[in-house]
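Encoded as structure tokens, the structure appears first; notes follow it.
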Amino acid sequence: MANINVNWHSKQNKAAHHTSDYSSTEAILRRGQNFTITLNFQTNVQSADNFIFIASTGPSPAESQQTKAVFNPSEDCSSGWSAIQEPSEPGCMTFTISSPANAVIGRYKLVLQINSCNKASSTLLGQFVLLFNPWCPNDDVYMANEKERHEYILNDSGIIFQGLEKYIQQEAWNYGQFEEDILDISLTMLDRSLNHRQDPATDVSNRNNPIYVSRVISAMVNSNDEKGVVQGKWNGKYCSGTNPLQWSGSVSILRKWYRGRYKPVRYGQCWVFAGVMCTVLRSLGIPTRVITNFNSAHDTNINLSIDKCIDISGKTLYLNEDSVWNFHVWNESWFIRRDLGSFYDGWQVLDATPQERSKGIFQCGPASTRAIKEGDVNLDYDSSFVFAEVNADYVTWICYSNKRKERIYSDTRKIGKSISTKAVGTKSRVDITDNYKYPEGSLKERQVYKKALKLLGVRSIGRRTKIRRRRPRSSVAQRRNMTESARKPSISGKFILNASPVIGQDVLITLALRNLISDFKTIKIKLRASAILYTRKPKAEILQWSRLIKLRPEEVKEISFKISYSQYKNSLRDDRKILVTAVCEPKQEASLLVEKDIILQDPFITIKVLGPAVVHKAINVQVTFTNPLSEMVTDCVLKVEGSGLLKEQLKINVARMAPMESSTVQFEIIPYKTGTRQLQVDLVCTHFSAIKGFVTLDVASVQC
């Protein structure tokens, strides 16, 4: 075995491969691109003619599976790997080594074999990690726009949009894909997947394909099948884990899973799954972003209809598994679709939230956004499920005790609104609904919808599933235009908020009803207010009353009421959403359903950076926040994190705050990376849901 010192030219190679931000001393490279190594020999070596390089990855490397490449400096290798000797100093040899643009990604060993006098000696030169390469035109993940590459690969923080279609909120998220251990954890997720456990060699050989890798990661981010990273929970208490609302980044989640010997981290909901998957895929080199779909349908039987049933008091009856969430968060990744054809290249939907099984596993995607927009719901993977999330009809029925049902609301435009993602280079929101569907009500949109129905085998006359047979329809056109046989209400109504509702204060609401015709009416109103999750499933009933009112011809009458803090305080500690419904029943006429989702606003949290931010120099940060309640709160914790600013999450105990008291906390950070950085601050308390804020810092380099 030859005695060789190896110079991996770490700084030079990382800069060329856009991997300088990784917090690792290991050689981290991108496929389809040259890198340089220099070999310093302790003995005199005259020529590289008898050199053979061997690059291998996985537990059973084989040339037939593209997990092993054997190449020498004097000739091209059929595998696409090559080595070219460069001019160098005496006693040294410098080589430019190149991997193919379709190489398997992962951790490699590089061995030098020297053949001399019919003998071969082998020396391990070291290890390196090979990633996908969005900068390489021949890579399946190639992205031509430099600003987009910076956003979707190199940006380690971002914004996830939540809330309601008409009240969209920004939530900061720390992706942290370059932080210490995160790349190792991402590679470990591949190695712990069900595919790898069943057939390690085949699994590794498939890792040249972003379609395969992203699908595996979508299954591994949730814990349902593969003992993956995050365990989902959408009801009950979170005492045995962390409330999903309290997470603000992926790093602590991934490290907790890794350091806890792969025990699933409790708990997550959709934005947590999407945030973690964005971190992992960006760390592996796949351009990825986070998407929020408002009024997102969960169509369990894929018949493109969400049927909601309520009783005469407005209480939701769960007679099927269909639902509409206030919002749902998933991912898009950018790569070409060799399996479908170039028309379907570009953004691909991936969803790690465990909703439905795909080929027996809780995974979803990649589904081409082009396929979804064109109604090609027969294409891999899971395009029919995603199509329904943004296109299903929404129908509400009153179910009476005698089993009679009355259709009181139907909307072909409610689902899939304000589909949002963070803008490139700024914190603003970009509406990408047009990427998913044609304008609602347009001829093209109707054609696509009919096409999807046909491909799904849903007949335009009659209904194929059990739900469909129970409720026949005349035609698809009638369904989309809402001309089914149903009585039209002779009254209209809406809820009006008298002021922006704030946590800790009473909520003042007015129900405005209008008589649409020139007859007197007596109307029975049954009103209900419930604390709900963002999935619109109720947690607790807050308020319920009924009353009779009279309306003169074409009269508008306003009924004001309030939901007091004392009524909702015990139900909104984990979340701050209220659903108010009113079933309005004129005598012997069609009923009217009026609904409103309400989010109680948090008080502001103020973050001040006290001075210029310079790398490796301490700087003070001041955070001011207010107890929004009219009662004492205790045992609050201020959580602070930010990639490039803090290597571990900072926790500061806030012992107690008097009613409506403002408090200021000051702490020190030492930035360790230059550039634009995002500092996130969360005030976590058992008395109310987390109060969150963030600030952007421009960290300067040290000036000589």
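Here the Cβ of each residue, glycine as well, is placed from N, Cα and C on the backbone.
TrEMBL entries are annotated by machine, without manual review.
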Which listed span TrEMBL calls region 'Disordered', if the choices are 425-445, 467-487: 467-487
Counting across all protein chains, other CB atoms within 10 angstroms of the CB of Asp351 (active site) number 31
For Glu445 (Ca(2+) binding site) and His328 (active site), the CA-to-CA distance in whole Å is 22
What subset of the recorded positions His328, Asn391, Asp393, Glu440 lies within 10 angstroms of Cys270 (active site) at the C-alpha level? His328
Going by Cα-Cα distance, which of the recorded positions (Asp351, Asn391, Asp393, Glu440) sits nearest to His328 (active site)? Asp351
Cβ neighbour count (10 Å, all chains) around Asn391 (Ca(2+) binding site) is 24
Roughly how many Å separate the Cα of Glu440 (Ca(2+) binding site) from that of Asp351 (active site), to the nearest whole number? 24
Just going by other Cβ atoms within 10 Å, which of the binding-site residues Asp393, Glu440, Glu445 has the emptiest spot? Glu440
